[in-house]
Amino acid sequence: MLPLPTWTLSDVDAILVLSFGGPEGQQDVIPFLENVTRGRGIPRERLEEVAVHYRHFGGISPLNALNREIIGNIIEVLSSRGLEIPVYFGNRNWHPFVNDTAEKMVRDGVRNVAVFATSAWGGYSGCRQYDEDIVRMNHHLEEKELPTLNCLKLRQFFDHPLFIEEMSSVVFQAARELGISALDELQLHQKVVFTAHSIPEVANENSGRKEDGPLYSRQVYEAASLVAKHLGISQERYDVVWQSASGNGQIPWLEPDILDYAKCQHDEGVSELVVAPIGFISDHMEVVWDLDHELQDLASDLGMSISRAATVGHTDSFATMIVELVEESLGVKPHQNLGTVPSKGCSFNGEPCEVNCCKPVQRPHSAKA
């Protein structure tokens with residue numbers, strides 16, 4: 001691991017919530033998608049196809065509002081601990097752009113920043129691309145002849161006890177909506193399925209270092225296993241599947257897809273599914289469109305009952321976890337992890353956490369948020 005700064009908690013001037021971004025009105029949709037796909041030669045027709053998903057919801061991605069809710073919760077947790085650390089919000093692809101947020105932080109006198117990237121996972125898209133955002137942000141400040149920021153990015157949190165406990169809680173609540181009171185006694189017609197964003201197989205193979213194996217999918221399987229263990233779900237009564245693949249179909253992505261999986265389960269006699277979007281901390285467009293719209297429509301056609309578990313980013317426990325990740329990165333708290341798969345991503349000033357970790361590969365884009 002590359003060296004990290006030896007800060008104390010009093011050295012942290014601010015926390016930055018760094019995210020993907022999303023449109024907040026019909027007029028934002030195409031400009032946002034153009035930002036997401038800049039330099040990739042994506043035809044306008046394809047952007048219009050994706051835009052339909054946003055326009056169905058008034059051109060609004062739920063992501064920005066949910067991130068603001070996370071920020072409000074972080075501020076409350078900090079206040080409850082007597083900490084007066086400001087929390088800022090910056091996006092890669094839409095307002096508030098992280099470069100603009102960086103300028104504001106500098107004007108406010110901020111120098112040392114703890115950066116929380118809104119992804120639990122390793123891989124290029126889930127981790128290293130946020131390092132690149134930090135590098136570009138400081139280059140922007142240099143071009144503006146402003147002081148650069150010292151940025152400590154927090155680690156991946158897929159196996160943090162508070163994340164696993166909160167995921168377990170929402171899965172249990174979703175099961176109760178189907179009348180299931182004991183997840184350790186699921187019947188043959190009942191299953192729990194955990195979903196995460198599909199990525200190209202080559203991107204999965206290049207997540208982490210070579211010796212880590214495919215880090216992204218290993219982390220997703222580990223997190224699902226930890227939740228299942230917490231709830232007493234037997235290995236035969238839960239699965240991990242993927243969703244929201246994009247591209248032209250010529251490049252293999254992680255499978256099975258949630259829609260194909262639901263059809264197969266129906267054919268095997270399963271009529272009730274508890275669906276837990278463990279790969280998403282908030283109700284991204286992938287969740288509200290792909291699960292609440294497409295999957296529910298399919299389930300209705302098949303006569304299946306689907307109960308979708310809530311995402312956990314809006315909870316007080318999630319905000320507490322973020323503050324604990326800050327404390328952990330400074331040595332104030334011990335490293336808290338329940339699993340054995342590596343949890344990486346803690347880095348300084350955009351340098352990768354390890355040499356040759358999560359190297360980028362050319363891949364189709366996902367334009368949703």
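Cβ coordinates come from backbone N, Cα and C, glycine included.
As written in Swiss-Prot, here are the features:
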{"type": "BINDING", "residues": "Ser61, Tyr130", "note": "Fe-coproporphyrin III binding site"}
{"type": "BINDING", "residues": "His197, Glu286", "note": "Fe(2+) binding site"}
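Sequence features annotated in Swiss-Prot and their locations in the structure.
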residue: Ser61; record: Fe-coproporphyrin III binding site; Cβ neighbours (10 Å): 26
residue: Tyr130; record: Fe-coproporphyrin III binding site; Cβ neighbours (10 Å): 24
residue: His197; record: Fe(2+) binding site; Cβ neighbours (10 Å): 27
residue: Glu286; record: Fe(2+) binding site; Cβ neighbours (10 Å): 21
Helix, strand or coil at His197 (Fe(2+) binding site), per DSSP?
strand
Using the alpha carbons only, what distance in Å do you get between His197 (Fe(2+) binding site) and Ser61 (Fe-coproporphyrin III binding site) once rounded?
17
Distance [Cα-Cα, Å, rounded] between Tyr130 (Fe-coproporphyrin III binding site) and Glu286 (Fe(2+) binding site):
20
Tell me the Cα distance separating Glu286 (Fe(2+) binding site) from Ser61 (Fe-coproporphyrin III binding site), rounded to the nearest angstrom.
10
